[in-house]
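**Q** Copying in the features that Swiss-Prot gives for the protein in this structure:
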| type | residues | note |
| --- | --- | --- |
| BINDING | Cys32, Cys68, Cys97 | [4Fe-4S] cluster 1 binding site |
| BINDING | Cys169, Cys173, Cys176 | [4Fe-4S] cluster 2 binding site |
| DOMAIN | 23-138 | domain 'MTTase N-terminal' |
| DOMAIN | 155-396 | domain 'Radical SAM core' |
| DOMAIN | 399-471 | domain 'TRAM' |
Amino acid sequence: MTQTADAASTALTSGDAASRNIPKIGFVSLGCPKALTDSELILTQLRAEGYDTSKSFAGADLVIVNTCGFIDDAVKESLDTIGEALAENGRVIVTGCLGAKAGEGGGNLVRQMHPSVLAVTGPHATQEVMDAVHVHVPKPHDPFVDLVPAYGVKLTPRHYAYLKISEGCNHRCSFCIIPSMRGDLVSRPIGDVLNEARALFESGVKELLVISQDTSAYGVDVKYRTGFWDGKPVKTRMTDLVERLGELAEPFGAWVRLHYVYPYPHVDEILPMMAGGRVLPYLDVPFQHAHPDVLKRMKRPANGEKNLERLQRWREACPQIVVRSTFIAGFPGETEAEFEHLLDFMREARIDRAGCFAYSPVEGASANALAGALPEAVREERRARFMAVAEAVSAEKLRERVGAEMQVLIDAAPALGKKGGRGRSYADAPEIDGVVHLLPPQKASKQLRVGEFTRARIVGTQGHDLVGQPL
């Protein structure tokens, strides 16, 4: 995911900024939704202090690049973006996961590759970034600067937003270096989370996407301590948080969608909330593999057989539930039999939405020391075979929806939908899942507006997507 300050320009434009000599900051956000929320915090602070944003590197007094350093492609994209910003502007501050990554000899990788950057920080370092900005572009003094809205500055479209509930992770998966960059789990105070959620709903957000490194573990680090919100006690615990978010969303007719949910036993407690319509019947669960030996080498906290049992329980409790997951093919030591076991799991589990990565060694990951590294061609071939099975399952599930009526959140609607539009059902998270292609309404009076809901009858499928007739 790549976002620039353009996405926030309507919230940040100062009108006659040039005439008042307000400094402008260029901004690029790379990586996952968790990095996006870090970017939003920085942009919110910039706005609070009176800075404006620039739509180009050349037009900025300084550029901030929020980087990703998880896989090699992300590292390359981040380094290339830093280089581009340096070439066009020359004054660059780097933050994010790549900023915490070591290079040769243990030195900072960003400093080694781009020694002229002004400052480098790791992830979730808003204050450090602002301190660096103040050094190189002093804070403007303007008593007439607009106040920042309660929900902060967002890089997403106005009708959906990400809500980060914690930072870091207590797991030590052998293929992952996130804990070394973002640290152990730190849960946000539940009152702060709920206040942010309420402000987002009040601002017009119709879909709230709950994110973290491990949503199921929310509150573990503080022993599920009791917090207070609206004068009432509430535990810092995933199930309590989800229940309150559902209550907040209901009067606004908004959706709550859960991401990065590890399949712990207490996840079963939120299924009745899904079945009752309090939160979306959608779970993003990172299974990664199904064979117990591979999961053991990955140091994952589950096994395939238990996951099949969980999926069966979830579907019994909430038949309409949609499960999304990600998997890794070609992990070191993975035999053909272990990979076939994974394919059998996919066929039996019937995961609605599945993505798969060919294993890619990440510098600093303990998996690099495992025996049995597979050639790239084998890894890619297994990824392709996995996706063929996953796409067949997905296509079958999509066909089952033809003839059904679904609620669709509209993401695009040229000419108020007179030529059709595009939206998503409860089964579709933004950017990672499919969409619903909306046909032109049959009623002349029917209008489609971005950020609003419409009912649609599903009339067909198109690849990973559905085709719907607005009602």
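The backbone N, Cα and C atoms fix where each Cβ goes, and this holds for glycine too.
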**Q** Provide the three-state DSSP residue tally for the domain 'TRAM' (399-471): helix first, then strand, then coil.
**A** 5 helix, 33 strand, 35 coil
**Q** For each of Cys32, Cys68, Cys169, Cys173, Cys176, count the other CB atoms within 10 A of its CB; which of these binding-site residues has the top count?
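**A** Counting Cβ neighbours within 10 Å, the top one is Cys68.
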**Q** Treating G and I as helix alongside H, and B as strand alongside E, what does DSSP give for the domain 'MTTase N-terminal' (23-138) in helix, strand and coil?
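**A** Breakdown, helix to coil: 56 helix, 24 strand, 36 coil.
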**Q** I need the CA-to-CA distance for Cys68 ([4Fe-4S] cluster 1 binding site) versus Cys173 ([4Fe-4S] cluster 2 binding site), whole Å please.
**A** 18
**Q** Tell me, roughly as an integer, the mean pLDDT over the domain 'TRAM' (399-471).
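**A** The average pLDDT of the model in the domain 'TRAM' (399-471) works out to 94.
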**Q** Which whole-number value in Å describes the distance between the Cα atoms of Cys32 ([4Fe-4S] cluster 1 binding site) and Cys169 ([4Fe-4S] cluster 2 binding site)?
**A** 15
**Q** Calculate the distance in Å between the alpha carbons (Cα) of Cys173 ([4Fe-4S] cluster 2 binding site) and Cys97 ([4Fe-4S] cluster 1 binding site), and round it to a whole number.
**A** 17
